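Heads up: the structure comes next, in structure tokens.
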Ligand SMILES: NC(=O)CC[C@H](N)C(=O)O
């Protein structure tokens, strides 16, 4: 099939040529890179990539298609894909659709052909930056002007969060959990459901009173796109509910817990995105290989007097990867224990949340799980 000629123009003036796949549309996004060797479907459908171009360092993308059961959300919001080679000859018996056709359906453009290693090295040395994906014949000067004139969005969480509460029921449920949806990955909901949780997913700006009216046994704070400081509503919810319910946060949820307790977050030079980031659990001394996708991190200097202690640390750059306040039954991780894509080493964190809920129910004296 004849594919349109496209190019990527970066803020620093570098231009990379290639062929379009997915939607034949222009887009301006922040470009980041992901080093996972598998899992492009989960990356494609992870709402945390809303408004970002993901440059895949693995050189062959598309060859196992998309499987009906593997989406992280029904409405993919990734800004676009940058790949070395796009391949549409599906080789997986589970494949239902091609990546390109589903990208087209959702208006998401892609470019195949650029030297993705060169782009990655550029982002590593100069830091994440924005780019315009456009037709090959757009003049570079006009492209740079468009880039400079496009404002950075601050409403990504509002774009990906559900608009009304919805419930994921599980057979023989033992716990009821409210999940604050800042762009929740469905594998998180599956991971909670697999441990006996009925999960009510609520919009990111749900007031604390409305959450309490649902009488949950625990509160979960999801991953999500953008700068955590753009969602003060969700941080306020944590402030109002911490100490009243067991709380578990992942990625953006972890950052929101830090902000709610007076800590600071900052933007990393090029972020962590991949399926093999080593993290040390400081409580056990064990090392976990983790799946990651984030640009921001919690400033360890800002943690004194917050009541939060660091439980996990990244072994590549020493950044904070986990926080806890046992008095408030509150803990969080910067990485992805639901690990899609990625290793399973950190799945124990969901069990830790269940243990925290169990202890809470027992202490409250109204442990009625046997009645279920
Ligand atoms: N996966 C996430 O939740 C990402 C959190 C946040 N948007 C960041 O980039 O740091």
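Each residue, glycine too, has its Cβ placed from N, Cα and C.
Since we're looking at a predicted model, the values are computed, not measured.
Per TrEMBL, the candidate among 45, 48, 89 that belongs to the L-glutamine site alongside 224, 226, 252, 255, 293, 296 is 48. Of 226, 252, 296, all annotated as binding-site residues, the residue with the shortest Cα distance to residue 338 (active site) is 252. Sequence-distant contacts (6 or more apart, same chain, Cβ under 8 Å) of residue 255 (L-glutamine binding site) comprise 228, 265, 294, 296, 297, 298, 334. The binding-site residues considered are 224, 226; of these, 226 has the fewest other C-beta atoms within 10 angstroms of its C-beta. When pLDDT is averaged over the domain 'Carbamoyl-phosphate synthase small subunit N-terminal' (4-134), the result is 97. Among the recorded positions 226, 252, 296, 336, residues whose Cβ is positioned under 6 Å from ligand 1 are identified as 226, 252, 296. Spacing of residue 252 (L-glutamine binding site) relative to residue 336 (active site) is 11 Å (Cα to Cα, whole number). Between the C-alpha atoms of residue 48 (L-glutamine binding site) and residue 251 (active site, nucleophile), the distance comes to 9 Å.
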